[in-house]
Structure formats: structure tokens, C-alpha cells
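Since the structure comes first, as C-alpha cells, the remarks are kept for the end.
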């Protein structure tokens, strides 16, 4: 579904829209969007894959002694940032993959990694891995000096009628900006938590959707600042409020048709869908390390706030990890509900696709779907059904990741080593940190 854009079209845009700078975007191993901005006079070098940068200071990239890297722009990602004006000069943006100086794809680049797993999918006869993200975020008020706070922008709740506060106005402008950038926005509404929002955009192939998520986050944060608000995609920014989730909708295409659909199957699911689902469930604990990659992620994965805690699946029931939404042939999909928006989208989709394809190869069907509320079951009832919990801490998720050869095989050795080093360091720093809760509870011992 992604459109094809030529060099000629980009050059025409540059001329007609008075583009003065080019922003070259790429993503580090943590999922953080990075940018190199160059004057438009460098357009020939940019389009000729000649833009170099120092990768030694980027998390998960290279050491100082081998720091030179090259940015290869994906022309299909070209856009002109909607908040820049022709009169003052606009900024063009291209998403890039990272290459070594000899022209080979850099194995530590998360985007290159996803392309490699997609190639494996194509070798199995599938044409597309279609993804739809539902990323939630909070809007917080700025402090007097522009500092970040955790004071929510409003006290509304799920689907509440938008009041004319700054949060509602901000959300509307985010939607308008996304549409100017070519997004097909399908819905925008207030979420469960105070100050919490959700904006859903149309699904696309995996690479395009991962690129769009990074653009989406940039737009949300940029527009929020105009309203003196801070946008946060942190999994659990406020104790006692719902956390930010990122439901991840997945389907495979084959010969232009949805390979997950079978009108005679249970919930209209094909054998391909069921075996893919089994791959996700069997490797769920390891996938969690990339789907919920921060210490804070596990403050969201607790009973009582709708986020799933148990490895299971269902149709209408929203308590399991994977749900099958009621949909037509085109919309038949798996909805993974455990993910949060701190996940690196390229690594997340690499892990999910690899696990699902492995499930298809193995041909095993998943456990029976769960019809009861998992949170109301006893431990014995869940055990009898073979339902296991997701990891409860980043430490447990790291352990599961290390032990899962299938999920590790979704990534280059460079990414596995770099990711584990970063996550183990993060956990070690957390265990050494003394929280306000601890001080209040134990200070007078």
C-alpha cells in the first residue's frame, strides 16, 4: 500500500515547496528516533547514498574505532514537515537505513533487521506482513518554566466527549497534521486514564507501519509542545492510572489475499493464522523482552488495569494476551494486547514475525481459546488450562529472551549482544536505585 516516490518527484517538491533542509531519520536499538539534518545543497549526496555520520555515539551501533556509517534513504518515506512553511523555508524528511562504508547493510540497524526477516517471510510464499498499531499516550502540563511534570491535561475518561481544553485541541491538531503528512487517521479519542489519548492510523506493511509509528511519535510530541504540553509514551507514567499500551494488529498476505482468513475456520481463522498464533504464544515470554523493553513496562502488566498478564488467546474476551477482533475477510487479524509504545517497532515486528513463521513451519495448533475472565480465575484454574503468566519484571523477560533460540534468531548477533548489554545495564541500575516509595516506607526503621 505504500506509494512509490521517485527522485524526480522529490526534486520537484524541493523546488516548489522551498525545502531548505533535509532531515535524515533513523532509529537506534532502543527505538529512539535519531536525525541528521543537512542543507538542501546536499540533496545529490543524500539521494546518491553518500551521507556519512559517526555511529560511535549511537546506542547499539559501533565502537569509536569503526565509527563511519552511511545513510541510505528510503524514497517512499519522503515528506515535507507540515509545521514548516514555504515562506520561511520547509524541511524535508526521509527515513533511512544504515549501511557500512563498503555499502553493505549494517547488521546493528533495527530497520535492516526487519527487512531481513521480511525476506524470510517472502521465501515462504507470503507477500506482506500487515500491521496496525494502536499507540496510547498521555498529555501532561508544562511547569512554569517549561519543565516536564506529571500533571495531566484533563480529568476525562474513555470516549468522553472532548471538552474545549488544551488536550482536546492538541489532539485535533495532531490528527490534522498527520493527515497532511499522508496518514489515514481512522479514529481519535480520549482513553481510560486522565489526560490519556489514542489516535489510530490505517494499517500498512510492516516496514511502512514501523516507519509511520516513529513519525507519529515525532508529530505527537511536536504538536504537544505548541500547547505547552508534554506527550509521553512511557508505559506507566502515573501510579494508579491506566498505562500506555500499543495493541499490535497482525496479518499475513498471500497472493494479495489475507492468509489468516478462512470462512469455515474457528472465528474465521485459517490454519495459517492458528499456527502463526501458536508461534506467538509459545515464544511470548521472550517476545515480551522487546515488546515491553523497560523496567517501567512491568508496572503496566499487572491485574486491574486491562493490560494482559497471561499467555492465552480469545475472541471477544479482552483479558488474554492475544485477541481475535470480529472482522471481515480483509480485516481478519491477531491483536497482541501486551505491547507498549516504548517498544522499538522494528525489533518488535522482527520478533513477532519470526515466532509466527516458526509456528507455521511447525504446524502446531494453539491451546483452546479462553472464554472466561482470566483475572477472576484461580491459579489452579489457570494451571489446569495450561495458561502461563507473562514475565513480571524486565529481569525475568531478559532471562526468557536469553533462553529462546527462535526469538534470538530473529536478530543479528550484533543486535542480540547490544540489546542484552543495554537491558542488563538498565536492570542493574534499577536495582541500585532507591525510590521515594522505599524511603517513605523504611526511613524510620
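Backbone N, Cα and C define each Cβ position, glycine as well.
What Swiss-Prot annotates here:
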- 134, 247, 335: Mg(2+) 1 binding site (BINDING)
- 136, 191, 198: Mg(2+) 2 binding site (BINDING)
- 186, 251, 318, 323: ATP binding site (BINDING)
- 243, 300, 306, 318, 337: L-glutamate binding site (BINDING)
- 17-103: domain 'GS beta-grasp' (DOMAIN)
- 110-445: domain 'GS catalytic' (DOMAIN)
- 63: site 'Important for inhibition by glutamine' (SITE)
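Structure coloured by features recorded in Swiss-Prot.
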| residue | record | DSSP class |
| --- | --- | --- |
| 134 | Mg(2+) 1 binding site | strand |
| 186 | ATP binding site | strand |
| 198 | Mg(2+) 2 binding site | strand |
| 243 | L-glutamate binding site | coil |
| 251 | ATP binding site | strand |
| 300 | L-glutamate binding site | helix |
| 318 | ATP binding site | coil |
| 335 | Mg(2+) 1 binding site | strand |
Pairwise C-alpha maximum, in angstrom, for the residues (186, 251, 318, 323) that bind ATP according to the record: 21
Distant-in-sequence Cβ neighbours of residue 186 (ATP binding site), under 8 Å, six or more positions away: 200, 201, 202
Averaged pLDDT score, the domain 'GS beta-grasp' (17-103): 92
Residues close to Mg(2+) 1 site centre defined by 134, 247, 335, Cβ within 8 Å: 132, 133, 245, 246, 248, 249, 323, 336, 337
Cβ-Cβ distance under 8 Å to residue 136 (Mg(2+) 2 binding site), same chain, at least six residues away: 191, 196, 197, 198, 233, 244, 245, 246, 341
Spatially closest candidate among 300, 306, 318, 323, 337, the listed binding-site residues, to residue 247 (Mg(2+) 1 binding site) (Cα to Cα): 337
The one of 247, 300, 318, 337 whose CB sees the fewest other CB atoms within 10 Å, among these binding-site residues: 318
Other C-beta atoms that fall within 10 angstroms of the C-beta of residue 335 (Mg(2+) 1 binding site): 19
Proximal residue to residue 134 (Mg(2+) 1 binding site) among binding-site residues 300, 318, 337 (C-alpha distance): 337
